[in-house]
Amino acid sequence: MDHLPIFCQLRQRDCLLVGGGDVAERKARLLLDAGANVTVNALDFTPQFQVWADSQMLTLVQGEFIPSLLDNCWLAIAATDDETVNQQVSEAAEARRIFCNVVDAPRQASFIMPSIIDRSPLMVAVSSGGTSPVLARLLREKLESILPLHLGQLARYAGHLRARVKQQFATVGERRRFWEKLFVNDRLAQSLANDDRQAVADTTEQLLTEPLEHRGEVVLVGAGPGDAGLLTLKGLQQIQQADVVVYDRLVSDDIMNLVRRDADRVFVGKRSGYHCVPQEEINQILLREAQKGRRVVRLKGGDPFIFGRGGEELETLCEAGIPFSVCAWHYRRLRLLRLFGDPLDPPRFRAGRPPGHWPPENRRRAGLGEPGGGEANPGVLHGSEPGAGDPREAYRSRHG
């Protein structure tokens, strides 16, 4: 990470803008929107600057740049078409330990200006680190089309509720579950957008008084080959909602960086010939955390059911009555669970249990049909049991 993304509180704080053209005008609008005390220094100004000055919204200082203009400033922006002047502003700000943005010269700047999606008080900033402003702008435009305009109203309303929510719900986990319910409630969002205060009050009261779901759950998520861009959308959502992530050695750092920062991370990595944590202990970790009412993600490199012992973990959860779901990393049309009706997991076969023979109740809870989609089990992908047949032939016969 080349830059630390932060949001600065500039209200009633002195800022210097050097430049009086169209680019400087755009920067001035941002500073004024943030409530800063803005001083603008340039040889000439666009008409809009004079309008702002006449309205006492900012102060104009006409003339050459002098370093003393930076005295008592919190932040500076150099937005002239003269590289020499911009360099002078940057060096003078650096000497005073004042953050300075230099337009179109990120290497001279101590901070950069992102593309902004404004749903105040909710703000989204997008930056390419100065390497590709056009790309950042295009991404901002995409996000603008996705994010509803009423998000700002929803954020402000949530701010008004914070004290009551803190009083109503004792733990951080309970409060988080409440906020998640509130923010996805379509009726509340629509009522806020329509300024229907009675409907807003009624919906809020219902959300505050109805019992929260305390039951824990486990989600098995396949992380694929390690590229975060290949995660399924559902997999990404699950790891970002998890209270606990139990992960192995094959899960890449890029994927772990997507985990919510306040989630607990439990490493249970293994490699051939060396087991850091026994499988039974992993099973117990999943049970223990879920029984606390927490959302647990079991994050596995590749697919949980291909040499991943995911089946053993699901059986443990079934026997304990813990709700679970599976978000496997799919190999295009190869729907392994439904094709073979069982995890492709060698320990099951070593134990003498034929594939495709989970108890019916376990199958129902896992969302699986009868083995092989109601037909006889055709075999095993990584080899055949005696008399089981060739799984490749079985696959071709089913899928052409």
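Glycine is treated like the rest: Cβ placed from N, Cα and C.
Model, not experiment: these values are computed from the prediction.
Database features, via TrEMBL:
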{"type": "ACT_SITE", "residues": "Asp248", "note": "active site, proton acceptor"}
{"type": "ACT_SITE", "residues": "Lys270", "note": "active site, proton donor"}
{"type": "COMPBIAS", "residues": "390-400", "note": "compositional bias 'Basic and acidic residues'"}
{"type": "DOMAIN", "residues": "119-145", "note": "domain 'Siroheme synthase central'"}
{"type": "DOMAIN", "residues": "150-208", "note": "domain 'Sirohaem synthase dimerisation'"}
{"type": "DOMAIN", "residues": "218-326", "note": "domain 'Tetrapyrrole methylase'"}
{"type": "REGION", "residues": "348-400", "note": "region 'Disordered'"}
Residue counts in helix (H, G, I), strand (E, B) and coil for the domain 'Sirohaem synthase dimerisation' (150-208), per DSSP? 50 helix, 0 strand, 9 coil
Cβ neighbour count within 10 Å of Asp248 (active site, proton acceptor): 20
Looking only at the domain 'Tetrapyrrole methylase' (218-326), how are its residues distributed among DSSP helix, strand and coil? 40 helix, 29 strand, 40 coil
DSSP helix, strand and coil counts for the domain 'Siroheme synthase central' (119-145)? 13 helix, 6 strand, 8 coil
